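Here the structure comes first, spelled out in structure tokens, and everything after it is commentary.
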Amino acid sequence: MWGVDALWEILLVITVVVLGGLGLVVGLVRGRGRKAAPPVTPPPPAREAKTRTANTYRPSSTATIDTSKGSTPAPPKPAEREPEPPVVEPETPPVEPTPADTVETTAPPAAPAPAPAEPEVERPESARGRMTKLRSRLARSNSAMGKGLLTVLSGDKLDDAVWEEVEDTLLGADLGVEATTEIVDGLKRRVQVEGSPSAEQLEQWLHEELLAQVNPDMDRRIAASRVGDRPAVVMVVGVNGTGKTTTVGKLARVLVAEDKDVVLGAADTFRAAAADQLETWGGRVGVPTVRSDKEGADPAAVAFDAVKEGQDGEVDVVIVDTAGRLHNKVGLMDELAKVKRVIEKQSPIDECLLVLDATTGQNGMRQAEIFAQAVDITGVALTKLDGTAKGGIVVLVQRELGVPVKLVGLGEGPDDLAPFDPKAFVDAVLD
Ligand SMILES: Nc1nc2c(ncn2[C@@H]2O[C@H](COP(=O)(O)OP(=O)(O)OP(=O)(O)O)[C@@H](O)[C@H]2O)c(=O)[nH]1
């Protein structure tokens, strides 16, 4: 018979076997359960995926450039070869090609751009009476002289101190010594003859004395009409920066307003932009510009061609702009003399206008004298009179050069050039 110990051993073995079997069954059941789990919902399509879909409508810009350069195009990436199956949510509307895409991919080649519109030709206003219209500009800068004079003269007595102050004021306005002396002597004489004058009487005398100095009898017409069977020729000279090219442009406008046919000659070949500047001025009023495309071209040759063009085209006037700066003064004067000589092989020069900057005062006068030695000046265009209180330069320049101021510049606007009117000038100074 088996002992109790043996019985316990048998029971222990059976328990171990049963527990091991149970463990095996549980393991199997859990493993099968994991395999049969429901599929996990994929994450919503990323933003990147949408973008990529849209991009398939758009030819790569780099590819286009590469093709046009003739280089071998890189094989298309799989994503570019075929649109990817849509990975967007069903409710997302399909991506439409943008108008730009449509043009690039399917539209026929774009129609040629319309021809640029013809630049509009301006019709400038007549320059008659322009100085009276611009009088306020002149008065703004120059009436200090007039006011100063009238204040001094309206005192209780007219003694030496008063006359000295009048002299200083006139000299300060660049009238020059001779004109100043003549004006003061004239006033003193009238006071001696008439006795103590009223303020109005003094103002009237001052007006007359100043006007006499500005010399209203000078011929200020510009030679801009055909002479016999040829155009008039106007040569414009002056130091660079005085406003020479601008003045030629403004003068062309003045003449167009008078129904003149004008040709411009860009003989300032020293400064590269001068021809462009002139051409722009001319273009605005339908006036052609003869120029050279070569920087530093022979200015005399350009001037010659301009005059020839004017003759062939039977225009009224040819205006030749010249250089105002060279490496040295002698070179500039030699060049101007040459331009003049070459023009005169075809036609007399009817007008030689010197452009002077009124703000440069006595310095401008020295320039004027140098130019006068190289060419025969027939008139002066005094620019920037709006920016100086030294309007007396009008008197000085006429006295020194013996030629009239024919034009005055009173601003930077295209129509700020006026035929000089002595009475309007004196009126503005004594305003
Ligand atoms: N305030 C004022 N400015 C003026 C007048 N005339 C010309 N200017 C200005 O002066 C400057 C010089 O003018 P330009 O015509 O280029 O001078 P330029 O003498 O031709 O100079 P270069 O071509 O270098 O020889 C420009 O800014 C003009 O607008 C004027 O009457 N009043």
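Glycine is treated like the rest: Cβ placed from N, Cα and C.
On a predicted model such as this, the values are computed, not experimentally measured, just so you know.
When secondary structure is read from DSSP and collapsed to three states, Leu385 (GTP binding site) falls in the helix class. What TrEMBL lists as GTP binding site is 238-245, 321-325, 383-386.
Annotated compositional bias 'Polar residues' per TrEMBL: 52-71, in sequence order.
Taken from TrEMBL, the feature domain 'SRP54-type proteins GTP-binding' applies to 404-417. Secondary structure by DSSP for the domain 'SRP54-type proteins GTP-binding' (404-417): 0 helix, 6 strand, 8 coil.
Per TrEMBL, region 'Disordered' is recorded for 33-139.
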Just jot down the residues in the same chain as Thr322 (GTP binding site), at least 6 apart in sequence, with C-beta under 8 A of its C-beta; none if empty. Met235, Val236, Val237, Lys244, Ala267, Asp268, Pro299, Ala303, Glu335, Leu336, Val339
What mean pLDDT does the predicted model reach across the domain 'SRP54-type proteins GTP-binding' (404-417)? 94
Densest Cβ neighbourhood among Gly238, Gly241 (binding-site residues), 10 Å radius: Gly238
For the binding-site residues listed (Lys244, Arg325), most other Cβ atoms within 10 Å of the Cβ sits at Lys244
Which binding-site residues of Gly241, Lys244, Thr322 contact ligand 1 in the sense of C-beta under 6 Å? Gly241, Lys244
